[in-house]
Amino acid sequence: MAASAAVRSSMGLTLRLSRVIPDCSTCPLFRLKCNAKNVANLQRRGSFDSLRTINRHLQTSIGLYHSEEGSSNAEHPEDVVNVVYIDRSGQRIPVKAKVGDNVLYLAHKHGIDLEGACEASLACSTCHVYVSAAHFDKLQEPEEREDDMLDMAPMLQENSRLGCQIILTPELDGIELTLPKVTRNFYVDGHVPKPH
Amino acid sequence: MGAHKLLFSELKLWTSGRGGWIARLHKGGCGKASLSSCSPKVCIVGSGPAGFYTAQHLIKARQDVEVDIYERLPVPFGLVRFGVAPDHPEVKNVINTFTQTAKHSRCSFYGNVNVGKNVSITELQQAYHAVVLSYGAEGNRSMGVPGEDLAGVYSAKDFVGWYNGLPSCRELSPDLSCETAVILGQGNVALDVARILLSPIDILKKTDITQPTLEALAESQVRRVLIVGRRGPIQIACTIKELREMVNLPDTRPDMVAADFDGVKEALKDLPRPRKRLTELMLKTALEVPGEKEQERRSKASRTWGFRFFRSPVEVLAEPGHSRIAGIRLAINKLEGSGDGAQAVLTGEVEDVPCGLVVSSIGYKSLPIDPSVPFDSRKAIVPNTMGRVKQAAGLYCSGWLKTGPTGVIATTMNNSFDTARSILEDMDSGTLDMSAAKPGSQSISALLEKRGVKPVTFSDWEKIDNVEMKRGESRGKPREKLLTVEEMLHVAWT
């Protein structure tokens, strides 16, 4: 438990330094929080961003910050990891990512509607994805806390994982991540309407 | 046909109202290329997760939708602020997403507005193309047993409201001078209450739990909490994360009845994964002989917690000659059937448990807000199909008001996205009449002003937010919540 925590925290540090996982105390947004004027600026940048990418979705403020910084083009070809997101309408969205990228924040960067309500802290299941069979076993085993949250996700499958816990490695090149189709209504008596 | 329709509506827009569509265009109302519709205006009642996720989906999906969120309290976020336990701060991270939505140019927040009292649903429907009811469940199911009104009996809704600083629960002042507390219900809310009652103060004092609660808990004599359910271990309603937190709670040890788990191990293999993992953890905690280290930890623990199964409340017992609680009488049940559908059936036997505190955690309940809105009082929801309120054009609902008061934030998120999709479908299909422009907040603000109601804007909330965070800083807490509406309004408008 302690060993894996040490690995997680050093990994976290690496990812924070490379700005993939937000470290709130160093992020200017944290300091901006109390400054209304600057946050208004951020909002304007946000609107501009959505104009630039038609039909792209609101990104979290963290996502916005990252999309202004650097591009997703890798410096070295061996750093490139090709990822395909399959969104909830079945549309395939190929993305060129880098080793070390976090699947949730990568999705945000590319306007894919993968929610991350708890911001990668293993306190929700909104970033639930299905992982392509060929790559599922190449992922690190989920920690107990991830399994606990996955248990809450609707339409859980054998190849379910939480996107915020997947960090890209070279072996994951070609990985396909499918967003579960949770478009159904919930009835108090448990009735699920027939699709029409 | 389409072209004629376009021409006609263009003419209508050209001649309609002051400023017409050019003014709307300049205001950024018509982002779409087509001039056949004006900017859709949607009103959302309630600023919890349901309200915000519905708003988020609408704003993302169409560049011309404007959303106004009305909230009764001066502060937004609903149960994220007042329901999520203080020691679950990561769950509250969703506030950052909601804040981004609130600050979007096409979203406005109006706090301190009581829909149903300050403004009616009918008036909102006249001002907006669509009205979404997302005001959740502010009531609670009652046990319906004698003695329920005795001092010392509380609903979990009020208890949670008290430790989370809900203004209406400020005066709860629960008496924590007894040794044993009994919680009816075994969902996540029941486990939250148990955990807050038994957590070491050193942990709680670093959270956003309110100061009065912290002081009361520091004096608390409660050492034993029983979490009681009608049915058996396989029907328990809580989830594994919360159970694990109880198992790992410092300075506590579990106290279960082994016989309650007869037959459970054999049933494991047929259970779906989430239920299986949860049941395995329960079995381990209840039946497994602990290793040396765990045994030592348990023997040093000063507090105990445990589940009691197959028990339903039949009467809260008072101290003779007093109106304070002395204990609770529980009927003993047996199970008929198995799995989710198993029913608890009375056996005729009862059991009395001495205790000084009873918290009833058997469900929240929605209340009707306005007589013009259909309400199903049996299910305590607004009757709807896919979020469209039945027999009420232009009226929608999302969140617990739509489906009943169960589910976590992720559930509500999907539920709200579904309602937003219904609204968008209706906009596209013409089911929602978008041909006429609607005044939106312009007319509602004028109405409110006439009635002496001053809304709290999102920037006003940010002032409250900053004051709370600043106050918390000096105490090592993420925030020190303001506990009265008066205080909140004072900060908002100074």
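Using the three backbone atoms N, Cα and C, a Cβ is placed for every residue, glycine included.
Model, not experiment: these values are computed from the prediction.
In the three-state DSSP classification, B:A50 (FAD binding site) falls within a helix. With a 10 A radius on its CB, B:A50 (FAD binding site) counts 31 other CB atoms from all the protein chains. If you look up TrEMBL, you'll see B:A50, B:E71, B:L79, B:V115, B:W400, B:G407, B:V408, B:I409 marked as FAD binding site.
For B:Q186, B:G187, B:N188, B:V189, B:R230, B:R231, B:E242, B:G407, the entry in TrEMBL reads NADP(+) binding site. In the three-state DSSP scheme, B:Q186 (NADP(+) binding site) is classed as coil. Counting every protein chain shown, the number of other Cβ atoms lying within 10 Å of the Cβ of B:Q186 (NADP(+) binding site) is 25.
What TrEMBL records for B:41-197 is domain 'FAD/NAD(P)-binding'.
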Give me the Cα-Cα distance between B:A50 (FAD binding site) and B:G187 (NADP(+) binding site), rounded to a whole Å.
21
What is the biggest Cα to Cα gap, in Å, among B:Q186, B:G187, B:N188, B:V189, B:R230, B:R231, B:E242, B:G407, the residues listed as binding NADP(+)?
20
Candidate nearest B:R231 (NADP(+) binding site) in space, where candidates are the binding-site residues B:E71, B:G407, B:I409 and distance is Cα-Cα:
B:G407
On the three-state reduction of DSSP, what should I expect for B:V408 (FAD binding site)?
coil
Please average pLDDT over the domain 'FAD/NAD(P)-binding' (B:41-197) for the predicted structure.
98
Do me a favour and check the Cα-Cα span between B:R230 (NADP(+) binding site) and B:L79 (FAD binding site); whole Å is fine.
26
Based on Cα distances to B:E71 (FAD binding site), point out the closest of the binding-site residues B:N188, B:V189, B:E242.
B:V189
Among the binding-site residues B:A50, B:E71, B:L79, B:V115, B:R231, which sit with their Cβ under 8 Å from a Cβ of chain A?
none
